[in-house]
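These notes concern the structure reproduced below.
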Amino acid sequence: MVESCGNYELLGEIGRGGMGIVYRAIHPASNKIVAIKKLFLDQISPEKKEEFKDRFVREAHTIARLKHPNIVEVLDVSLNKDDYFYVMEFLDGDSLRKDLLRRGGKMPVENFLPILKQVGEALSFAHSMSIVHRDVKPDNIFILRNGTVKLTDFGIARTADYENANLTKTGIMMGTLAYVSPEQLQDAKGVDHRADIFSLGVVAYEALSGNLPFTADGIAATIVKIISQEEVPLHIACNPPVSIGISNAVSRAMRKRSRERYMTVQEFVKAFENCLAEEEKRDLAELAPPRETSSAGTDFKAMIPGKTQFGATSIDNVVTPTDTEAQLAREAEKSSTNNQGQEATVIEALVKTEAAPVEESSPKTNVDLKTEVEISPGKNSLEDSLLSGKTQAEFGQYKQSPPAMFAAVPVPSRLREAESLIYLTSLNNQNAYIALPGKAKPFIEPAVLTCQSGRLAIADAGARTINVFSYDGNNFEGTLRWLFEIQHRTAPRPEKTSGFFGFGKTEREESVDNTRTKFGKLTRPGGLAFDSKGRLYVCDASDQYIRIFDSKGFFLSEFKNIQAGDSGIAGIAFDTTGLLYVSDSSNACIQIFQPETGVWLRSVSPRSDLNPRRNDPKAPPDLRLPAGLAVDRLNQIYLADYGASKIFTFNKQGQLIKHFGQKGSGEGDLNIPRAVAVDKFDRIYVCDSFNNRLAVFDGSGGFIYNYGSGIETLTTPSDIAIDNQFGLVFVADRGGKRVQVLQIPSDNMRF
């Protein structure tokens, strides 16, 4: 007897998953081959069946309206009793997943662009109808034999929930973990179309590099990476590499905050497309005859496809958020109130303490990141990473004690009270603040900064640039001057050249031709620090290299943190003897280098060989996600650990002195502390990012006060630097797109 499903005869099973089974079938009357995806209600609890049916009916009617050449067509919907199924067009081809496997895991950019464009068309059309896919992944992207791309499984992930769970319940993450956006991890019901943009960015990253951008050992660690850690830049992860422009386009699609991504999926596709067109222009220019000086004969516009049929739909439709200050203000306000414990809460409230073992998909992980998962409330079970770094012999000149000029400064009695910082001004492009002088461009996302001897360096994560300013602390507003923007090339020098008749590259330029960072280019600036000679050391949260620029902003050299894995460097600082400290999130420790040579000296952590209690069960907690660093006048090292929500302090020998802080929003609590600084009175200032404030502590770790209200409101502060000569405090107000300039309240700070 031939098995049937409604009026269709089933010919065989195509595949199955957590939602049901897909069959190949035929309609006897028309002799048309179709695909049927059947849902099984016997897996739904009795009390949930009616709710499920009602929701399924609404979703089925919505999906049936999605008539688009790049969306699989739904031909029929059956809602008879307990027989619920979709009838879809039969697709003759393979999924993008199978296509990638056949190619060895990845494909060239020019091959991926047509796929990206067609998926973008499908999503744009769906978004225009207020439908969010929420499960964009290679398995749901189908490539037909004729090259047409179809997006499948619309709506199923939104409705097919199982026992003991509500449909699209707030707080329940639905979809496939490796491709899920940070906001979808917290509230699958509240996400908008920008969650699909994130997922499409992950698909692009995987298709071009052969690797997923956010992978780790276990569900909990993967969630941490999705929420708080940056991917290895695509132009570094790919071999052969893609252009930095394409790398930046994909990176923006995967920004942690939805408002920092592209506003529409077509904007993402267009940015990607334009970058590829620019590459083609350069390639054509390089292939041109030597005497050709003009490209007027080449119609480059013809190389860039025009606006697509549905390109304007999602841009002009109501589903697209209005890009106004009011909208951003509402999102910032929501972020301020709802981000209390965003990262730690997701880990602690969504991850089950002991998740059942998951079948390995690769030797690098014990969780299949391409399977559909549901994360329900539970307790965090992240394991502490241990690292014991053996101390190597230090150079003799780096063992000296701090000079006498760094003797302790007595704290004025009135400053022992909770007297807050004084707001002076802000640097950004608004008329209400100081306009950036000289050729400095308005900040997009000021993320990292440092100051020394009347110089202020500010790294803009949005523009991926570093600008250096000068100032006189006695009259900051009247003397602020723009000096230069960091140059990704070596300084021009009249050195001996290797070309004929003195032309060609200098020996110095040839010596750095093989620079891995392309003359110090940045993807995610993680830390800045001036050395005693005015050279600027820069680290990037996306790679393991420390870049060095001279006092005029030209690239000098680079060296690698040889101890690091895939993660980058999130903090960097010098002590008074010239040693360089970097926070290593990959190994959960602080690495110490001799900066002139880049030689690694030793590692520091609460459980390193330098700490005698490292094996004591009651020993202090180990580091989790080390970030910002600071060094005080006694060469004590301060580390902000945003994974543990604590500040750790080590002496100059590397032994742990103290640690303080706990996750929360009350006085003295910390929630994602990103950076730390110390003033001349040994007070400790912490960028408490997700509480949108600065937390100030005394030298022993005792809470003094919080800063951040009124005109001095902070939005996700990400870095802090203190000029102890003039008592100036610079704060990277990342969410506010400005740098706040504050004054330490003391009559004796100016001298």
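Cβ coordinates are placed from backbone N, Cα and C, and glycine is handled just like the others.
Residues annotated as ATP binding site in TrEMBL: LYS38. Every protein chain considered, the tally of other Cβ atoms within 10 Å of the Cβ of LYS38 (ATP binding site) stands at 20.
Averaged across the domain 'Protein kinase' (8-273), pLDDT for the predicted model comes to 83. The domain 'Protein kinase' annotation in TrEMBL covers 8-273.
Annotation source TrEMBL lists repeat 'NHL' at 571-596 (among others).
The repeat 'NHL' annotation in TrEMBL covers 660-700 (among others).
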Helix, strand or coil at LYS38 (ATP binding site), per DSSP? strand
